Structure formats: structure tokens, C-alpha cells
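Note sheet for the following structure.
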Amino acid sequence: MDTNVLAHTVRALLPSPNWYTAYNTACNDQYFVYATQHLLVVLERSSFDFVRTIEAAQNKIEAISVVDRYCVVGGQDPFLRVINLLDGSLLNSLPGHKVCVKAVKLLAKEMMVVSGDKAGLIVVQQAFGKKRAEQTLIKSEVMAMDVIEYQGLDYIAIGYQNGIILVGTLDSNLRFTELGQFSQPNDSVNDIAWKPIGPDEKPMLAVSGKRNKSVLVWSMATQDVATTIRLPNPPAHVDTSKSKLWVALLWTKSTKNGDILVISSHMGHVCSFIVANDRVREIKSKTNIYAHSRPVFSFCKLDRVDDQDIFVTTSLDKQMILWKGSEPIMAIKTHNGYIHSIAISPLHPLEAAIGLGEGNIKIWKQLHLDTDRLRQKLNTKNKRKAKKNAQTFNPYASIVLWRGLQGQICKLAWHPTSEEQLAFSTEYGHVGIYDINNNKTVLFQMHHSLYPDTSASLAWLGPSLSATLEKWQALEQHADDLAPTSSGNGSPAATDMTTMPHGDQLDNSTLQHPWSGDLLASCGGRQGILIRSLARPRQTPIDGIQLLNKINSEWARQRASKTTEPTCIASNGHCLALGYSDGSVEAYRLTDLTICYASICQRKPITCMDWKDFENGTYLLATGSKDGSIAIHQVTASQQKDQDLPAETTTPFCSLLGHNNKVSDVKWSYHKDKWLVASSGLDGLVLVWDVTPEPQLLACFPKHRFHALCVHWHCLEHDVLLSGGEDKCVYLWHWQGHTVDSMADLEFIRNTNNQERHRLKRQKKQSSQQHGMQNDQEDLPRPTKKQKKEASLPAVLPTTRSLVRKLSPISYDIPTLQQLCYLTACRLTGEQDTTASIDQLLQAVEVDDPILEYSRLPALDAPLAIPDHALLIMGDKSDVRQLLGLEVEQLQSMEKQENSHRWQHHANEDRKLALEMIQSHFQDLGSHASENGMALLDWVALALSPSAGKQVWLAMMEEQAIKLKANNQHHLAVSCFLACSKVYEAIKVYQEAGLIMEAIIVAKLRLANDVQLFSQLLSEWATSLQGQGHEELASLCYIQAQLPGWQKQAANLMGRRHTESGYFWAACVADEPETWRQDWLASVAQRQKE
């Protein structure tokens, strides 16, 4: 294949066609098309090579019909859509149906569209004109439809759920003219098919039902049933109780012995019958006739070769099988799940493991982009064998691993040296090994308790770590310390491990420990990092965070003020990288697990990581974030004696900004002379970047119709990638066929890629306004006025609104707030002479007008007037009460607005009640009585409970608070907890809801000086603030929290903006060690030179 053609070639592993419809496939002279959910998949008719996917609907597609390059799509959407198969564009939308369309036919003559829906409505309209007619011939659901041309007219057959079949033609006014009618006795019509006719023949129609085990052949000439075909009985070993009977029909071309009718029977049995007048004879297959294991839904005839028809079947077993006559010649195993992960082992570079969202793993066997070359390799001197090889070559060949797997397979990782061991993690947090050789699953002890929209990442650890763990266990006196903690962050232990020798100095004869051999690390959820032994899967894993804290005790002490958790992990055999929920990144040497790199250049949670060898013993680490940014870090793993702890860098090696949504995966290429990295994102794009010498966007792959979830480079063909996503397709493509020249090209691709999708959404919105978007169920009676009045609020309200106003974009004077951070630190540490300290620092830099301006300090006890309500929360009780008074005034002004939504009104009432309970304003509680009817019986019982005694009232109040919390009514839950003096429980409600400011307010007004709780809340709020870009406010939180390492965290955040004033005040706050201060002052000097 030509190089340029190969670069633009795209192959795909295909999703399953839609089930329980006989009209999910169609073809023309060039393409074979099938529907999967709301997408169309287009393949080459002759070679079955992938062409494209087209987003054709907003909901499930039930029927398609193709004529020439046009495809008409009908289904659960209220529109029929006309799609251009050549470029995937939407040509026209045809209204008319209010319920699901079950059958549609596109007539070549005048491009007429005939469609029928669940209500029995038949609509006939021009695909590109204004002529249109609709009528309900029989008030029953349309189940099947077929068209044949006879004597210059289009004969249309329509089958209904009540068993009636109508045959007729269309008049000049597009009205249906009935020519005949007969019924399927005591059964619903399942499928109908016209027999191809010769010049002197009259049409014959085959009809199948849903329950009767026979097929009727109806003759137009006699207006009666010509013959009946009985379905063959299934063999005794076939269990027909597993699924329903579905009988699909296909007529093939006539033979000298009669006409051939292909029928799907029990459990995927495809059988063929020769029909000649009133005689029927079954054609016996030479091979296994049970190629499918579940019911077959549809047939699609493609071609005729050697007097035998080539056709395709689709089935519930997720296979599409290509048949030649009565013999299957190629099976394509499709899938129904999202593509969550792709992994390729260097030991098997032409096979890819794919983690699916339907609880199994698929191994794609043919990772070749040039399929023509593969077909040529199959050619031999033996012409018969060469012909057979060409017919049986299957570019979609794959195997499915399912034994012992449950839930979505989120992450995969091949063992680095074993070709049969594949590690996986699931949506439930389970981690295990799939033994491909023995086809079995081994699950590890203890699973991760995952947070929503997260998964457990995996990393195989190098052999050097085994010796490290051996020495560590030898030094441990209590084996119980290895048990994982409930917190992912862990806490520094009292044991000092800093004197532990390096990996090359370890004595391997210390003891025989159970962690020798292959080790697998998993990261995610509340358990943090768990290190497991492949040889002992049922052994309790090691808590990786606790282990790292023990070995790096000083580093753990400095970062103890952070309330952050590890989110992902990656290893290259030399270093172990960790990404955290606050965007920070750490790297540890695997030889001794000492820290060698730290970065805080990203603000949102790290979602993915990957390593790449760089040069001179250094490595490049790519990290993707939830905000769409990608940072490239340069990490040096060489060990230096008496090395200080690494400074947390705020500037990466380079940054890659191209995604506008979460980065789902990053992978380095296998090039030796290039540093290319690919990234996939929830914006549906896969990007390819060149990192050196300057960051540059090289390519953009836009064919994913929804979120792109994973990407991987080909091990042998270094410019070829695989990517998968929520469109359920795995694409194999060459990046040089999708190059872009600038970021403007990327935006153009993004807009073009979303244009048709937005057009579909607008049509759906317009339809919902016109028709109320009736679904497949029967219309429910509308409630009367009395019912509306007594209706209660929904069980789960929208997301709880904050009591205080959301922090606005930074509008305050940043240097002034930086001064406040320094002065607050001086007050808390007892520093009195602030001027002398500033003058001492000014001697280390070049003093100019700007530095004199922002370094001028007010008196230590002089208040700074900064108009930001966030600072009131950090004040004393009077400041907090002032803030709450402002919020009450705001709510009162909102009540005066006339146009307020009903649930919004009750949300404001909940907030007002909570504000008054927090301030202990009990005199106005009676004004909150309302007639919303929400849990009325509970409130009545609660009101009557004091008559049973105080203890009963307290118990019922607490029970009501728990119910409200479960329904996401957090303010009401807090009000109830405060009413029964459960202050800590009220604070916990706000903490778990992410309302940290509210938790701080309650703690300050309702508790004594609980230093530990205040510090914890301030640390959590700091993590939230720095993710929103409020670095100075986050620094102030760390300073006030006074947890170990607060100076380092505050200084790092103040210098994160890379401004001269930020560096200067970071040096002021970073009091110790002296090297930190010198580093910040050096940054000030560098900024002055720029």
C-alpha cells in the first residue's frame, strides 16, 4: 500500500449492532452500513474494511434504509434523518412521528421515505421535497415492512403487532392503496420479506411470527398461503430457554431447483430452504450450522459469488458473521462496552488487550494497518489454498476473556516479562491478574473504595524494590504497621527510616520475606496505594503511602498540612511517580524509595501519567490533569549522598495545552530519536505532541464521537496509535494522516466535529417543546390541580447551594494579600520586628521602585481592609457573624424577586433556616413553616415527639437529620443536628458535601477552640482554593492551620504565579531551611533581569 494512502488509513474494532430489530443493517453498491445505539458504522462492502462512524441520532436507532449514497435513519428520536454516507453529513430531517419509529424504507423512485411507528402511523414523504402524507391504516404497532418493484409500481408490505399484513401501493397523493390483506393466526408479525421475481412471476411474501415455529409464504397470484415452512427442531443439547425465538428472513436468488429462503431459527441456527411451488426442502450445511449461539436478528445480502449469495447476519451473541450460501466464512466479534483501557505487551507487539465496560477483556489479534500486505502474505503457489486464505483472512480476529471478571474493566497492565499475566482493575476497585494460559482470574486481597468517576491505576514495580521491602520489614518491629490505613494520605510514623541504606547496600540475607518476586502497585480511592505480591495474591497488601512516609519521614512531616490523596501511579522500573488530587506530583527512586522530584505546577487532580527515557540518566514524566492541561517533568533518579529534599517546582519542563476537558490518558511513543506523546481527552480528541526542542502540536484525531478514554502507541510501527472511547470503537491509525499546523486548526476541527452533534441536540430540544417527547411507554394521565397542590418535592434536590457567596475571580490586590499572609505568619510565630526581616531580605536583591512598592509593610497590628468575604471566615467570631448577617440580607433581597423557581424558593428557605440555626436565632423559626408537603408525616411525628420525652425527641431529630442528609438536603440536616446539639455531626455533613466554608463557620460559632479540627478544615479548604486558582487565600489557610510543613506549602503557593512579588513574599514566609529562602530570592533576581 502506498505510504500516503497508509497514513490516511484507519482500522477499527467494531461495536455491536443494535439488538431486537430486523432493520439494523443495509447496503449499497459501495458500503455496508449498520446501526449501533445512535451511531452508524460504515464498512467497505467488498473488503469489510472500516470507513467511518456517523452520529445519526440522539437515541437508539431502530431502522435504517440505504439507496445510493443516502441513508434514512429512524428510531426513538421524533425525526427521520437523511445522512450522506460519503462524508457523514446530515442532509435533511423529516418530522411526523411522535413515538418510536419501528420500520423505514427509502424508495429509489422519487426518493420517497415510508416509515411506520409504534402507534401504527404510516408516514410517506419525500426525502428532499415537501410532499408528505400520513395515515393510520390499523391501530397497532408496526413491526415489519418491505418493498418490491412489480409492473412499474412499488408494492409495500406492512406487518403489525396484531398479526395483520397489508399489501398495497402508493397513489399520486402518497396515500396507501390496499391490494391485499391476510393475518398471522394468533401471533404477532416478526419479519416479512418479498421474494425476488423474474419477468413472468408474481410476488410472493414470506412472513414469520414471534411465537409460531413456522414461516408462511403468501402468494399474490392466489391471494392465499402458498406453502408453510416448519422450523427444524433444535438438537437435544441446545437449551432454547435462554432467549426468545426470533425468526428473520432473507430470499436469495433463484436456482434451477427453486427459490432459496434463509431463516434464523432456535439459538442462532441459520437454515436454508429451497421453495418450489408447494414443495419445501432444507439445504444441509457441511459445517457447523450453529455459528451463532444466540438469536439472529437480521440478514443483509451483499453480493453473489460462484452462484452463491454472500450475506451478513447479526446476533445477540455480539457476532457479525459473513456467509457464503449456507456456509459461514468469517466471524467478527463485536462488543457493547466502552473502551476504558488499551495495553500492548512488547512480548506480543501485534496483539492489544482492551478493557471493556461490559465485564470482559478483548485481545485484538491483528494490529496491522496495511491489511493488503497481510492478504498478500497469505498467497501461496497453491491457488486453491491462496483463495481459501484470502476468503478466511479476518482483520477483526479477536478473543474474549471473561471468566471471573465482573464490572467495567478500567485499567490494564501487562506483566513486563511474562506474556501470560495481565493485571486489571475494575469499577468496583478490585485488582487482579488474568492468567491467559490457564484462562482464569486471580483476585488480590483488599479492594479500593473508589470515588465517583475514578478508577484504580496500576504499575508493575521493578525487582530492586523487593530488596528495599526486605530491609524495611527487617527494621519493623510490629507487623501490624503494614496494615493499610483508612486514609489514602496516611500519616508520618514515629519510626525514622532516613538512616536506611540504599538499595545497592541492602543485605539480602537478612530474612526471607514474603515480598520477593513480582510486585504490583495499585492506586486509587480511600486506600491510597496498595503494594501486592503476585506470588501471594491473598496476602494483605502493604500500605504504600505509609511505607513512603516512613522512609521519607522529613518529607512527610513537611507535607502533613496537605489534605490530599494519591490519584494515579506510574513506574518505569527505575522511578515511581505519584499524582495527587491537588495536582501535585512526586517521584521516588525504586532502589530505596527516597523522593527525588516534586512538582506543584498543576492545580486539578492528576488523572494519568507515563514515563519516557530521556538522556544522561534522566527521564521525562507526562502528567495529565482534570483541567485538560498536560505537564512534562524532567526527573533525575541518580542518588547523591547527603542530598537535600527536592524543592517543589512550580515550572515544568514544558506544558501542553490543547484539551478543553479532562485528560483521560497520556502515552509516550517508542521512538528512539523523537519524544512524541499522545493524549486523549473527554473533549473527544486524541492529540499527538512533539516535546523537543519546543512543544508543538503535530496531529489531531477527531473520529471519536464522544469521550476519548484511552490511547496507546504501536510497539513496532512507531507512528501508529490505538485509541478508544465511549463510541465503543477502537481505532488503529497513523498520526501523519491527521496533522495540524496550528492551534487554530485544532479549534476548527473541534468545532467541525461538534457541529452535527449540536444540530441534533437543537432538533431534540425543539421536538421536546412541540411534542413533549413522548417515550415508548403509554402516556400517563396528567395530575389534576388538587394532585399538583398536594405533590411533594423530589426526593433528591439539585446540588446544595452554598450558604455564602461563591468566591469570585481574583479582584483584590494580590501583593496586599501576600503581605497579609506574611503578617499573619509573623503574628502566629511571635515575630515582632517585621521591618528588620524585610530589610535583611532586600539586601540580597536589587532594590528598585517596584520592589520598594510591594515590600512596604503597614504596622503589625494594623488591620488590612481587603473587600473579600473569604477573609471574614478566617477571622474571629465577630467577623463570621458579620459575614452571616450579609448573607441573610442577600437572601431577603432574593425573596423579593417575583420570578423564582419553586424548588429554588425552598432551597433559599433551607439556607435561611440553616443560617439562623448556626447563629442561634430561635425567635424566627416559626416563620419557616411551609406547605411543601415534603416528608409531612416525619415532620408531624417530630413535632409530637416532645410529648414522649426529651430523649425520644433527640433520637427522632437525629434520625430526621440522617434522612435529610441521605436526600442531599444538607442545610436542613445541619439544622436538625444543631437542634439536638450534634455539632460535630453537623460539621461532618458539610465536610462530606464539599461545603468547607460552611463547616468552618459552624465550627467557629458553635465550638470552643478545637485547634485540631480547625487545622483540618483550613487544610481542606486550602486544597479546594488552590484548585480554583486562589493561591494567596490557600496560603493564608495553610498559615492559619499551623500544621507541620505549613511554611513550605504557603511559600510554594505564593510563588506559583511566577511573579516578582510572589517570589519575594514566598522568601519571607519560607523561614527555614535557609536554602529555601535563597532559592526564592534567586527567582526574584531572575525575574528582575527579565
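Any Cβ shown, glycine's included, is placed from N, Cα and C.
TrEMBL labels come from automatic prediction, so no person has curated them.
From the options 381-400, 481-500, 641-660, 881-900, the stretch TrEMBL describes as region 'Disordered' is 481-500. Tertiary neighbourhood of the repeat 'WD' (656-699): same-chain residues 607-612, 614, 620, 622-632, 705-715, 718-719, 721, 723, 725, 735-736, 738-740, 742-743, 746, 749-750, 753, selected by CB-CB distance under 8 Å and a gap of 6+ residues from either end. For the domain 'Gem-associated protein 5 TPR' (889-1070), the model's average pLDDT works out to 73.
Residues of the repeat 'WD' (656-699) grouped by DSSP class, helix first, strand second and coil last, total 0 helix, 23 strand, 21 coil.
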